[in-house]
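Since the structure comes first, as structure tokens, the remarks are kept for the end.
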């Protein structure tokens, strides 16, 4: 009898909590989805050092190999819109299994391919399979982490995605130099296989549409193979009553119809232009100015990555502290175990209150970086500025991503997919004109323009800081009224 009472009490407590998963389990879950999200960006940047080898292997021009890069980016822009709502509707586990399996198959096929058309088609499949994993990761974070603790977990996912541009060229250059270009794809295949295995045995279904806070028993195909791992529904009689729904790939576009979403997504897109332009121009500028070889050119990406790593340890605490301070100021609860009513709380002020200093430092470091290179100063100076810019920009991305999922906590994966659509489109357009800008304006003025774009992003964040809450609440009231 006492055992039954204990189980009943455990189940009642689980229902009251935002998530029944322990802190250690949450970190384990988020680490796995961050690992999967890493491949989304890595698959693009690890490829760059092998472009010349690939042109020789397939007996085509470098321009044709560059077309495989452009094709990958184009598909990666659109694919998350297909995956995001699918995961919100059908569950996280089946989508991860499908996309990682396709990705592994695409990598094996690329290694075995011997024609250029096959390479081009398989790169498209590779992008289609893996590019949505970052939006899935933010969905999982929203599933398991309450708003009061969400900043730390979002920082880990954001770091995994943005560290790839720094580590990718180093990994790709080393593998292609030592073992040939095929080992780039063998590496991706092996690493993704490990990720799939970990998720198959350890990643529970977390979609709140299906399992609630984790205390509802999912259907058999969504359960882990061993019921002793992260299964908090084992004492519950509740079974997920989840009706089949056709995923809507256009839901990501509807998110852009809200002014408060659009303004911060455009601001993030502008920041991503600067981030991408710096990464794209690094090797070319440093090889030309400082006469580096290809291996040395790969190493210059490290300061950017190290800055992002340091930011990971700072951003979570900073975001969580700012959130608790904003809640306390309004006399609201700050209990991390309980979900908060974000519809009636100004998450815009809670999150964006800490973005102003990093944005100012980013603006100054980007402008200084351009002029230091223009005047051919000692290589240590631009490397230090890279570190500063990498730290601050990573922090800004973490703040933005946390705010975006807070604004759209019901459909976080679809919200991230909409952000990806805008930022990738912005970056692709900017990069296509980057070299022409440098040739016409010079390095210093080009990066001064980038600094000006930073100020535009500050202005957009400032508008959302003051108007975002009222815009969001009016949009929600309109939706509720239209349904009734």
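Count begins at 1; order follows the chain as displayed.
Any Cβ shown, glycine's included, is placed from N, Cα and C.
Any TrEMBL annotation is an automated prediction that lacks curation.
Here TrEMBL gives transmembrane segment for one range in the set 3-26, 27-50: that range is 27-50. Looking at 299-319, 320-340, the stretch flagged in TrEMBL as transmembrane segment turns out to be 299-319. Away from its own ends, the transmembrane segment (421-438) comes close to residues 70, 73-74, 76-78, 80-81, 252-253, 256, 265-266, 268-270, 272-273, 275-277, 280-281, 284, 446, 449 of its chain (Cβ-Cβ under 8 Å, at least six residues beyond either end). Here the domain 'Major facilitator superfamily (MFS) profile' (29-469) returns a mean pLDDT of 83 for the predicted model.
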